[in-house]
Amino acid sequence: MSINFKELANKYQTPYYVYDFDYITKQYEELKGAFRARKSLIAYAVKANSNLSVIKHLANLGAGADCVSIGEVKRALKVGIPAYKIIFSGVGKIDEEIKQALELDILMINVESDAELNRVELIAKELGKIARISIRINPNIDPQTHPYISTGLHENKFGVDIDTAKRMYIQCKNSENLDPVGMHCHIGSQLTQLQPIKESVKIITDLVRNLKAIKIELSFVDVGGGLGIVYKDEKLIDTNEYAQSILENMFGLDITVVCEPGKFMVGNAGTFVTKVLYEKVNGNKRFVIVDGAMNDLIRPALYNAYHRVEVLNDNQEFSDCNLVGPVCESGDFFAKNIKLQKTQHNDLVAIYSAGAYGFTMSSNYNTRGKVAEIAIENGKDRLIRRRETFEDIIALEEEFIK
Ligand SMILES: *Cc1c(COP(=O)(O)O)cnc(C)c1O
């Protein structure tokens, strides 16, 4: 993609996020195409980037939504994703969220514990509804990714073990208010190895067959999200091999395959653009200070994540530095010990692969307004979220000052 970051900076100021919607289309079509041999639903994991225009773009392509709060469910519905393509996941659903999910009649609730199943059953009963249930299996498989984004081991809080799941499916079968329709697993994010996915899909499809033998027939196998993207030089999972390794386990089953990509759809579509305020040297350490900060893009601070960085000037004098923001935390950095060229006030810095878990994890720390978000589609830019003002930030407190 060739986006004119400078032009956008003049038009919308900095910092900003810009997303290439054509790239999102390409990612969606690639994954959907890989599953063409089967009924499939690509349920976009909204938490990766929940801007309404991003979700709308995916809705137009035919995507469903995987949501982890009722707020995300409402975002998806608002931009036209039909209820029958919406899944509600998460280890800690609040009663009110479960109630609303049932009233909104979404495709299924991904249940993550037997205690939660009991809650859902009770609430469905009170409402006189039948809750469509999918159970999240924790296959106890190491996804070989960063420990903070690993979710498929028993030591992680997610899902239930096979035996518990079996009991839960039987409970569903025997309940007037529960309808077991799916099985779910999601072992982690930024997966670059196919083997752990293969193993977990094998584990869950074996269980699907076991259940079938006792007359519990599921309609959906939800293999979760987690497909990795390029931040640096990662070798990615080939989407056709990915789909193939899933589909080969489905032989003889009448199942719709669901997958829940978040990062894969939007990660490499997004760039965070900030500008240089100052350079300084402490002792012999060089710092480049920019107007963006950890409250705008927290992944480096939170996961020590790598994002490729580029200073947009023609200077050829490179030297070692830390790229940091203005926030009062030593964790406020985008990159440490990288070679950047000499910069000047107002030079732009592009921080790549920032489309997923960038804006959605941003905050108002240090009373900094959330930044503008811009879409590029067919070579045209448009604002999809305006920059927050001081008034926006204080709006919910002001009336309470005594
Ligand atoms: C976060 C999440 C996803 C998406 O993960 P990515 O790494 O962004 O693809 C999918 N499913 C569930 C249940 C999740 O919690």
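Cβ atoms here come from the backbone N, Cα and C positions, even for glycine.
What TrEMBL says about this protein:
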- 17-355: domain 'Orn/DAP/Arg decarboxylase 2 C-terminal' (DOMAIN)
- 24-266: domain 'Orn/DAP/Arg decarboxylase 2 N-terminal' (DOMAIN)
- LYS47: N6-(pyridoxal phosphate)lysine (MOD_RES)
- GLY226, TYR357: pyridoxal 5'-phosphate binding site (BINDING)
- ARG299, TYR303, GLU329, TYR357: substrate binding site (BINDING)
- CYS328: active site, proton donor (ACT_SITE)
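Cα spacing between the residue listed as 'active site, proton donor' and ARG299 (substrate binding site): 17 Å, rounded to the nearest whole number.
Calculated from their C-alpha atoms, the gap between TYR357 (pyridoxal 5'-phosphate binding site) and GLU329 (substrate binding site) amounts to 20 Å.
Pairwise Cα distances among ARG299, TYR303, GLU329, TYR357, the recorded substrate-binding residues, top out at 20 Å.
The secondary structure of TYR303 (substrate binding site), as reduced to three states from DSSP, is helical.
Between TYR303 (substrate binding site) and GLY226 (pyridoxal 5'-phosphate binding site), the C-alpha separation comes to 16 Å. Cα separation, LYS47 (N6-(pyridoxal phosphate)lysine) to GLU329 (substrate binding site), rounded: 25 Å. Ligand 1 lies within reach of GLY226 from the recorded positions GLY226, ARG299, TYR303, CYS328, GLU329, TYR357, judged by a C-beta closer than 6 angstroms to any of its atoms. Note: the Cα of ARG299 (substrate binding site) and the Cα of GLY226 (pyridoxal 5'-phosphate binding site) are spaced 16 Å from each other. Spacing of GLY226 (pyridoxal 5'-phosphate binding site) relative to GLU329 (substrate binding site) is 30 Å (Cα to Cα, whole number).
Within 10 Å of the C-beta of ARG299 (substrate binding site) we count 21 further C-beta atoms, all protein chains included.
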